[in-house]
Amino acid sequence: MTTVYKFGPHTISAGQVFLKTKYSLGLVNLKPILPRRNVQRFLDLSPEEVSDMFQSAQRIGKVIEKEYGATSLTIACQDGPTAGQTVPHCHVHVIPRRLGDFVNNDDIYEKITANSAELLTHPERLTAVLANTVASKGVDNEERLARTEMEMAQEAARLESLLG
């Protein structure tokens, strides 16, 4: 039987998971770290889950910043629908950033919100979102190549090996 995980209402294949801790999972899709337990809000997490999720974010950040040639990270948690949360499962995004990837630095939050639903249904587009984000095209553009489940699994395996 194939292992699957729940991310709110979405089913995530084991091949998209690159980090598993006692309390958290790290997914290839926009690098969210989420509690294993389906909890909608950050405020509902236990102290152990908060600690584990942010320790995981720090660990993942060190790896993906280097792996994706970034110079900084955006670590974002949109806690609740009014804050822009599009998946009703608490999660923190760890997104590698480069100088000039957005003309207005805060546009990243709009792109996270606009693309999270699409990336859950088409997670194969993530690498292009992260690797090819430029100010003139933004996160979502027609030049991105679709990724297969195998390509996502390869990325997850690569990140998992880098995390040790």
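Using N, Cα and C of the backbone, Cβ positions are placed for all residues, glycine too.
Any TrEMBL annotation is an automated prediction that lacks curation.
Feature annotation from TrEMBL assigns substrate binding site to His10, Asn29, Gln78, Gly84, Gln85, Thr86, Val87, His93.
The domain 'HIT' annotation in TrEMBL covers 33-104. Mean predicted confidence for the domain 'HIT' (33-104): the pLDDT average there is 92.
Annotation source TrEMBL lists motif 'Histidine triad motif' at 89-93. Below 8 angstroms of C-beta separation, residues 6-8, 30-35, 38-42, 44-45, 53-54, 57, 74-77, 79, 112 of the same chain, each at least six residues beyond the ends of the motif 'Histidine triad motif' (89-93), sit close to that stretch.
Around the Cβ of His91 (active site, tele-AMP-histidine intermediate), the number of neighbouring Cβ atoms within 10 Å comes to 26. If you look up TrEMBL, you'll see His91 marked as active site, tele-AMP-histidine intermediate.
Sequence annotations record features per position, and here TrEMBL assigns site 'Important for induction of apoptosis' to Tyr109. Tyr109 (site 'Important for induction of apoptosis'): 16 other CB atoms within 10 A of its CB, across all protein chains.
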Gln85 (substrate binding site) versus His91 (active site, tele-AMP-histidine intermediate) - Cα distance in angstrom: 9
Helix, strand and coil totals (DSSP H, G, I; E, B; other) for the domain 'HIT' (33-104): 27 helix, 14 strand, 31 coil
Number of other Cβ atoms within 10 Å of the Cβ of Gly84 (substrate binding site) across all protein chains: 15
